[in-house]
Structures are given as structure tokens and as C-alpha cells.
Amino acid sequence: MKLDAPFNLDPNVKVRTRFAPSPTGYLHVGGARTALYSWLYAKHNNGEFVLRIEDTDLERSTPEATAAIIEGMEWLNLPWEHGPYYQTKRFDRYNQVIDEMIEQGLAYRCYCTKEHLDELRHTQEQNKEKPRYDRHCLHDHNHSPDEPHVVRFKNPTEGSVVFDDAVRGRIEISNSELDDLIIRRTDGSPTYNFCVVVDDWDMGITHVVRGEDHINNTPRQINILKAIGAPIPTYAHVSMINGDDGQKLSKRHGAVSVMQYRDDGYLPEALINYLVRLGWGHGDQEIFSREEMINYFELDHVSKSASAFNTEKLQWLNQHYIRELPPEYVAKHLEWHYKDQGIDTSNGPALTEIVTMLAERCKTLKEMARSSRYFFEEFETFDEAAAKKHFKGNAAEALAKVKEKLTALSSWDLHSIHEAIEQTAAELEVGMGKVGMPLRVAVTGSGQSPSMDVTLVGIGRDRVLARIQRAIDFIHAQNA
């Protein structure tokens, strides 16, 4: 049989990996980690990375899911050299190989009815035998190819399938455990396990990195590859990701979609760094640049054990990257969250200033956008607990005094503002907090913000003075 590559197979490329998701839902973190490991291994070996969309499940595959997968890959910045390729667009190729296999006696048509197969399975179960097809149609020449049928792969009946998994070591499965796999359905569509084999062959895939739930598919796929004379790639089956309760990660553990993490305020660098460490390590190092990941990544350092997802660790990493990445870069991601929360940032400080002010305080960009609304728009009410705590005693007097001094400033800068607050406290013979905290609630609506001088510079003179007066009026109204 002849290879039919959908792209030029460069003979100088010694490693070519692929990520092959099924578009039946979003890109989840398990799939993202698999894609990352596959991508890193290709980059580590100066190889190529292929994106393939395995959409043979016509009932469950959707264009929306495909778009979500591609969006997730792009957000994570995992570019591919070839693709995306769609299995539904390669049905002619799969059927061509199946027809050749039938001609060469490597596969055969099966006309058995559902009733016959159900009866066979029932008999085998009664006899405590492993359910498997009995090859009733292997030498049946009494039917026409035009009659409804499936096509089965003629699996070897003797010996074993042995392969050296790059993560798990030697795996051996007896051929007696394997059935004659259906490779083409009655409707003429090829099945998943067969399409994968032809694609890996045609696309020159040298290393298949995928989840451990595919281990049972591997011997079947290897036997088909051997039958058609195709090279056998190296397989690496990575373990599952569990929640912190030890159960398989699912929706009940919170966000499992890659783009949900984007929506929740995580930077792609943080998620990538977290995912690479979720089953792989390089000494005790926790923080990895992308270049370091590429330089250090090896499949034989991937753990065989399941990993537990820890949101607190991810938040720690996210805050690290918020602090350490260039403010201009973080601000671009932050801008998305302002828009998502309906906050108009056209009238206020530069977003890079927001990042600089709040990097030490916020674990996520969503939190950063939410907690900095007051820089860009008016708030409707004061936080009830903060107002009750700080709008009492001589708060109105302190606010009036500090407003007077702020109004008189010739320059609206950090030093001048700090001096005005300090002088107010000195003249009233109170601690800085007796002025600073009522002022904070007055201008932000809450009891939390960066230092007052930084906050006031960011909000701007006119807004600050108007908000102080509003707070004074509020206090008087409460005391009336």
C-alpha cells in the first residue's frame, strides 16, 4: 500500500507528534496537558507538531467544539506546523485503504445481523467465554458486496502485541484478547481506530502522546499498522488528572475548560506552567519559562501516577506571572476582563498602571478588573461594613480637612498627596489611619485599595474631590 501524505513529509524531521482531539466538547485541561506534552516533545527534538481533528463521531461532533479547541490552543500559544486536518474530509482515503485490505485478505466483509451477534454474545457469556466475533463471515462468499455489511479487520489469532511505552515501559497484550475490529460501518463510514492508524501513517507521526484511556486501543492499532506495512510510532500514555479529592477531574471540581480558566482570570503562562508540572518535573524547579520547558522536557520523566489538580497552586503561579511578566503584556489580557465586565476604561489611568498597582494584591485578572472599577466609573453605594467601621466619630471632619488640603495642591502627585494626608492627621492629632481609612472608603467605596497616594493619583483630582464631598454628605445624612 502507498503512503498518501496530506503535506510534504520532510525526511530531515526525525520527530513528528500530533494532538488529535475529538470535537465533542471544549478543550479540557487533560487534553491541554496532552497537547502541551506532545508539543514540547516535538520542539525539544526540533520536530514538527500536527493538529488533527478526529470528528468521525458525526452525531456528537460540532463546529462550535472545533472552534473552541482551536481557540484554546491559540490562547495557550501551542502553534502547529501542519493542520488542522479533519478526518471527515479524508473518508475517501480511509475507504481506499480498506478496499485494498479486503483485496489482500487483511480485512473482510461481515453480513451478520444484530440478532445473530446478540445470540452469539449471549451464548459466550453463558459459557463464561470472552465475548468476541466468531468469524462467521470470514469465508462467506454467499453474499453480494451490495448487501448491508460492515468490514472487519482480520486480527492475528496467535502471539502477542508488545510495545515499549515511553511513559509506562513494556506492555504486552495477547492477540487472543483482541477481536476482529469493525473498521467500516454499515453506512460506509470508517471507524475511529482505523482512521487514527491511517492518519498516523500518512502524516508520518513518530510519537503518539495521549491519555492512558487509549492504552486498550494501542494493540489494535499496532496490528493494523503491521498489516498495511506502516511503521509503528512510539506510544506514550500519560496518566489521568484527578481533583484534589482523588476522583477523576470533572465539572464538579470547578473549571475544567481551558477557556474557563481564561474567563476566570488566569494567564496562559500560568496554566501552561501548572500543567507541565502536573505529571512531569525537572528537579525541584517550579517556575519554568517556555524555553526551559522545551530544553528540559523528556517523556521518560513523565510520571506513571495520576496527578491531583490543586487550584491554590495554580493561583500562586498566576500571581507570580502577574507580578513578573511585563505590565504591557499583562495589561493586554486584563483589558479583555474589563470588557467582559462591561467596564469602560477610556476615562482613567493606563492599564499598565493598574497592573503595577494591584499585582501584589490580586491572584487573578478577573479579580483585578473587578476590584479596580472605581478608577474608571462611579460606584453606587459604599460598602456597608466599611462605611459602618470608618464613617464614624470625626470622619466627616477628617474628610473635610483633607479635601481642603487636596483642593489647594498645585501638583497632583504622590508626594504632594501623601503630605496632605499626613498634615491632616497631624493637625487633627490623630493617627494616619483615622484619615486614610475614611478617605479610602470615600474614594473607592470599599476598605481595600493600594496606598492612598497611588489610588488618588490614579482616580484623578476631580473625581477624588467629588467623591469626598459625596462621602461627607452621606455621613451627615446618616447622622441627621
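Cβ coordinates are placed from backbone N, Cα and C, and glycine is handled just like the others.
The motif ''HIGH' region' annotation in Swiss-Prot covers 21-31. Remote same-chain residues near the motif ''HIGH' region' (21-31) are listed as 53-55, 57, 60-63, 65-66, 68-69, 71-73, 211, 240-241, 249, 256-261, 271, 275, 309 (criterion: CB distance under 8 Å, separation of at least six residues from the stretch ends).
Under the heading Zn(2+) binding site, Swiss-Prot lists CYS110, CYS112, CYS137, HIS139, citing sequence analysis as support. Within 10 Å of the C-beta of CYS137 (Zn(2+) binding site) we count 20 further C-beta atoms, all protein chains included. DSSP assigns CYS137 (Zn(2+) binding site) to coil in the three-state reduction, placing it in neither a helix nor a strand.
The motif ''KMSKS' region' feature in Swiss-Prot is assigned to 248-252.
What Swiss-Prot lists as ATP binding site is LYS251.
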Original post:
Near the Cβ of CYS110 (Zn(2+) binding site), how many other Cβ atoms are there if near means within 10 Å?
Top reply: 21
**OP:** Among all chains shown, work out which of the binding-site residues CYS112, HIS139 has the most CB atoms within 10 A of its CB.
**Re:** CYS112
Subject >> 8 Å Cβ shell about CYS110, CYS112, CYS137, HIS139 centroid, Zn(2+) site members excluded >> reply: TYR108, ARG109, TYR111, ARG135, HIS136, LEU138, ASP140, ARG152
**OP:** Run through the motif ''HIGH' region' (21-31) and tell me, per DSSP, how many residues are helix, strand and coil.
**Re:** 3 helix, 1 strand, 7 coil
